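First comes the structure, then the notes that go with it.
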Amino acid sequence: MQILDGIKLAKEIKQEIKSSVEEAVSQGKRPPHLAAVLVGNDGASQTYVNNKIKDCEFVGFKSSLVKLPNTVSQTELIEEIEKLNNQEDLDGFIVQLPLPSQIDQEEIIEAIDPKKDVDGFHPENFGKMALDMSTFLPATPFGILEMLERYEIPTKGKHAVIIGRSRIVGRPMSILMGRKDFPGNSTVTLTHSNTENLAEYTQHADIVITALGVPGFLKADMIKEGAVVIDVGITRVDDDSEKGYSLVGDVDFENVKNKASWITPVPGGVGPMTRAMLLKNTLLAYKSNIR
Ligand code: GUN
């Protein structure tokens, strides 16, 4: 078993982005600028957004945080988005999900200018992704592709089984893994919570990508010997540690690691790659050079 080290790779990518920013700034250009919209005070969302802002500082981006109360209305939120759409010196922004229940999430995502949608969530960008066109790729699937490429994991013609069909991870991952123009070019099966006999698919997979959010779901007897295992799941599980919780993936790591050829740890696998790819998308927006 070998570890796919997301922390190390993300550091390399951030270093590359930092050099690119330094070069632009040394030529007298303004630095790239990313904004995040955070609604309410969900602990996990606050942590994610704070981390994104720290990442911006590291690579030399300007960052802005727009904090709105949990009670914000649909109209107020759309007004904030319009301001960001029209802000000249802003390259991209994200609206951290999930949003409170009074908000229509789809309408919010559609209000974002696709050219500033560095999450790649806008239906226009999602459609372009599915049609092999140049666009922002959603950060988590993009990070997984980058990881497979940099570790030189063979994917062409391989059977990739994805567990979970979310709009952020599973669905775009299934599309990207099947595209010819990326590390991918795989034969893809998209499984989900209603799949019957799910293990029959995963047992035949060369690559398993789990994004289900069920701690320890993927057991050793569900994979074949030598499979590549990518764990996107990250669930807070209460325990008696100092923090009061730990972060647990979808994979029963201790047992699966003995059977897998490559495996991502949680934390320290996919998460840092997601963060790095948001920066990469912002840099692409800045250079108006989307992939
Ligand atoms: N919530 C969980 N993951 C993400 C993400 O990648 N982007 C946004 N905007 N919200 C999220």
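Glycine too: its Cβ is placed from the backbone N, Cα and C atoms.
Now, the feature entries from TrEMBL:
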| type | residues | note |
| --- | --- | --- |
| DOMAIN | 4-119 | domain 'Tetrahydrofolate dehydrogenase/cyclohydrolase catalytic' |
| DOMAIN | 138-288 | domain 'Tetrahydrofolate dehydrogenase/cyclohydrolase NAD(P)-binding' |
| BINDING | G164, R165, S166, I234 | NADP(+) binding site |
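In sequence order, R171, S174, L190, H192 constitute the residues six or more apart from R165 (NADP(+) binding site) in its chain with CB-CB distances below 8 Å. All chains included, 19 other C-beta atoms sit within 10 angstroms of the C-beta of I234 (NADP(+) binding site).
Maximum C-alpha to C-alpha distance over the listed NADP(+)-binding residues G164, R165, S166, I234 is 16 Å.
Neighbour list (G164 (NADP(+) binding site), Cβ cut-off 8 Å, at least 6 residues apart, same chain): G170, T191, H192, S193, T210, A211, L212, G213, V232. Counted with DSSP, the domain 'Tetrahydrofolate dehydrogenase/cyclohydrolase catalytic' (4-119) comes out as 61 helix, 19 strand, 36 coil. Within its own chain, S166 (NADP(+) binding site) has A211 as residues 6 or more apart in sequence whose C-beta sits under 8 angstroms from its own.
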